[in-house]
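> Sharing a structure here in structure tokens format.
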Amino acid sequence: MALDRYAALHVSTPQGRGDGRPTADQVLRDQDPLGSHWSDKVILITGGTAGLGAESARVLHKTGAKIFIMGRDIAKGEKVAADISASNPDYPPIEVIQMDQSRLESVREGAVEFLKRSGGKLNVLMANAGIVASPVKETQDGFEAVFAINYLSTFLLVQLLAPALVASTTPEYNSRLVVVSSAGHRASNIDPDKYNLVGEGYDPSKAYARSKTASILMANEFERRYGDRGVHALSLNPGIIMDTEISRGLPGTSASRREQYYKMEPLLAQYEKDVMQGAATQVWATVAKELEGKGGLYLDDVQVAREATHEGQFCRPGWKPWIWNEDNAVRLWKDSLNMVGLESEN
């Protein structure tokens, strides 16, 4: 299957939510990893209690894989899990694990609980959880919240679960780390001398952008370290989706935010996706046969992305060259180990 099989569906001018661009369900039907092919697999989705994470769980549950979702609100997660599981009663029920990504100790506890319940098996880690730009605040661990939640907590979880990914890989299906990032990375590179953007002059948009750049750099460095061990990392931009809870830190309702942003950037009305379309790229990253054995790629619009040729216009696809800076990736990895209290990879 071609890596650009969905490109034609994105070439013509998009018509907004619910247009002809593919949904996660369509991607799954096209790949058809149903029944016994996936019944032996374990998938863990962070931020799986709402939005793109919940939609990914809903679609991937149809494969017959064992699905775990992580989230802060255990009650909300249990309802999502019950609703999805009831729609596919012949498949293993979805399980919920509580994890608050604003607290590193909660990440450690969540990892321990997952490994206990899964028996140490993990074929796909989908790092989906995150928050949007928000007023400055620090976590109890002393890190700026957007950086901690969007990047550092995920880095720690990846370190704790990497051995399970390695142990679970097979020649037929290499284990995958799927990192949900954002086109917002194009607004700023990281500053290796100042990861923690706190204090006077704090810019929430820059903090968000840097956290997303950091996530991509992490995925690329993971690929360099684990690719030859049969585990591959892919990062991606799901697109502009305003109906998810990632925007909970912004004022107003989704409708009022949509109206406000449409005025600021008219292209949003064309490029915005609904949740079903927004989850398509991360589901593709999980099930695509054409991505087997591949990693270190940045995906966008259900295809391998190209360099952005336009300034601004973050609703449009593409990446900035700084996501491929290996020196920054190596330094970020080493610095992150220190920040989360690990001397070396487990």
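In case you wondered, yes, glycine gets a Cβ from its N, Cα and C as well.
So Swiss-Prot has the following annotated:
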type	residues	note
ACT_SITE	Ser181	active site, proton donor
ACT_SITE	Tyr208	active site, proton acceptor
ACT_SITE	Lys212	active site, lowers pKa of active site Tyr
BINDING	Leu52, Lys76, Asp100, Asn128, Tyr208, Lys212, Ile241	NADP(+) binding site
COMPBIAS	18-32	compositional bias 'Basic and acidic residues'
REGION	11-33	region 'Disordered'
> Fewest other CB within 10 angstroms, which one of the recorded positions Ser181, Ile241?
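If we count Cβ atoms within 10 Å for the recorded positions Ser181, Ile241, the smallest count is at Ile241.
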> How would DSSP class Tyr208 (active site, proton acceptor) in three states?
helix
> Nearest of the binding-site residues to Lys212 (active site, lowers pKa of active site Tyr) by CA-CA distance, picking from Leu52, Lys76, Asn128, Ile241?
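Ranked by Cα distance from Lys212 (active site, lowers pKa of active site Tyr), first place goes to Asn128.
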> With every protein chain in view, what's the tally of Cβ atoms within 10 Å of the Cβ of Leu52 (NADP(+) binding site), excluding that atom itself?
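There are 32 such Cβ atoms around Leu52 (NADP(+) binding site).
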> Which of the three DSSP-derived classes (helix, strand, coil) applies to Leu52 (NADP(+) binding site)?
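In the DSSP reduction, Leu52 (NADP(+) binding site) maps to helix.
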> Which residue, out of the recorded positions Lys76, Lys212, shows the minimum number of other Cβ atoms inside 10 Å of its Cβ in this structure?
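Least crowded of the recorded positions Lys76, Lys212, by Cβ count within 10 Å, is Lys76.
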> Can you give me the Cα-Cα distance between the residue listed as 'active site, proton acceptor' and Ser181 (active site, proton donor) in Å, rounded to a whole number?
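About 10 Å separates the two Cα atoms.
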> With the NADP(+) site defined by the record as Leu52, Lys76, Asp100, Asn128, Tyr208, Lys212, Ile241, how many Å span the farthest pair of C-alpha atoms?
26
> For the C-alpha pair, I'd like the distance in angstrom between Ser181 (active site, proton donor) and Leu52 (NADP(+) binding site), rounded off.
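Cα-Cα, rounded: 12 Å.
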> Within 10 Å of the Cβ of Asp100 (NADP(+) binding site), how many other Cβ atoms can be counted across all chains shown?
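Other Cβ atoms within 10 Å of Asp100 (NADP(+) binding site): 19.
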